[in-house]
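Chemist: Next up is a structure, given as structure tokens.
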Amino acid sequence: MFNLFRRNKKTPNTPEASEKSEELLPAEAMAEVIETPQAPEPAPQVAAAADPTPATPEVPQKVTSEPEPVKISLFTRLKNSLWKTRQGFTESISALLLGRKEIDRDFLDELEMILLTADVGLDATDKIIGNLTQQLSRKELKDPEALIHSLKNQLKQLLEPVQSPLKIEPPTDGPFVILMVGVNGVGKTTTIGKLAKKFQNEGKSVMLAAGDTFRAAAVEQLQTWGERNKVPVIAQKTGADSAAVIFDAIQSAKAKKIDVLIADTAGRLHTQSNLMEELRKVKRVIQKVDASAPHEVMLVLDAGTGQNAINQAKQFHEAMHLTGLTLTKLDGTAKGGVIFALAQQLGIPVRFIGVGEAIDDLRPFNANDFAEALFDQSA
């Protein structure tokens, strides 16, 4: 009786029409449904008898760890980055020396042409050839090996006076201000980002000032570097007064007790004279906040521009009294010899050289390492 009541009860999931259709089925059909025998359940399978042969014990496989990546020394990376300059310079000299048993005046004439082609510059080349000529007359250059030894030493002596690492000594009442200058395309903004990371690794707090307000992409690039290095960036809209941006940045850095402020500047205005006047204005405004600032005026040069880098350095030095140079993109040019021309003609300290894209490929300049890497022929 209880089951019958449940059959006739309406539920949301069982429509009434369905129940009525079941009641109207013919008797034969109902009987057929009732009498249809159920398929017998399959008999449970009996587990197969165990194989009497004993299983061979598994031999644990020896886990081989992946080989650690080979660490390349700083010197090797420098040597590899200078391969184009070395190919056009020292390898040309080696080819010239091939088969020679003694050094003569004709050889020095050909060597002079190689040095000039490698952008060593006229002044530096004259000095080197003059010294070699004196040694030749004194019969000190007896063989090619003696010449290579003398040439390498002379190149080192050219570079040693400009080897001067940048020393960060923040004043007691404000940040150490680095004013970065240079034309567009030399890697100035990238150099700023790499310097920021370097100073952070040394435990210094850093702030960036987006003073290149002439070029819209420059502000965005600097902000990207700021986000990557987690350092604050003081910026305004494109077209804002560059001096005002850097002024605000110094005030902010003072308030936050920042150790180092790196200020970007414009690399192009309508004329070169306008660019230089803009930079002079920036320097005057900075000195209103801190009479001793900027503490470093660093010019960034692309080594690939060769002798044009000399002209840039002269113009910027005349306008801003440069205190340091950074030579970038040495890994992509055969004109790395321009560093000797810069050293001979201007004598401005070379703070850093760029030898690749990685953060740590911006490295402090070392005269001995540079000359050794230039002459190193090992694999």
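Numbering starts at 1 and runs along the chain as displayed.
In case you wondered, yes, glycine gets a Cβ from its N, Cα and C as well.
Marked as GTP binding site by TrEMBL: 182-189, 264-268, 328-331. What TrEMBL lists as compositional bias 'Basic residues' is 1-10. TrEMBL lists 44-60 with the feature compositional bias 'Low complexity'. TrEMBL lists 349-362 with the feature domain 'SRP54-type proteins GTP-binding'. Residues annotated as region 'Disordered' in TrEMBL: 1-65.
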Chemist: CB neighbours of Lys188 (GTP binding site) within 10 A?
Modeler: 27
Chemist: Mind checking how the domain 'SRP54-type proteins GTP-binding' (349-362) divides into helix, strand and coil residues in DSSP?
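Modeler: Summed by class, the stretch gives 3 helix, 6 strand, 5 coil.
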Chemist: Ten-angstrom check, please: count other Cβ atoms within 10 Å of the Cβ of Arg268 (GTP binding site), all chains counted.
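Modeler: Its Cβ shell of radius 10 Å holds 14 other Cβ atoms.
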Chemist: Counting other Cβ atoms within 10 Å of each Cβ, which of the binding-site residues Gly182, Gly185 scores lowest?
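Modeler: Sparsest of the binding-site residues Gly182, Gly185 by Cβ contacts within 10 Å: Gly185.
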Chemist: Would you identify which of the binding-site residues Thr265, Leu330 has the most other C-beta atoms lying within 10 angstroms of its C-beta?
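Modeler: Comparing the binding-site residues Thr265, Leu330, the most crowded Cβ belongs to Thr265.
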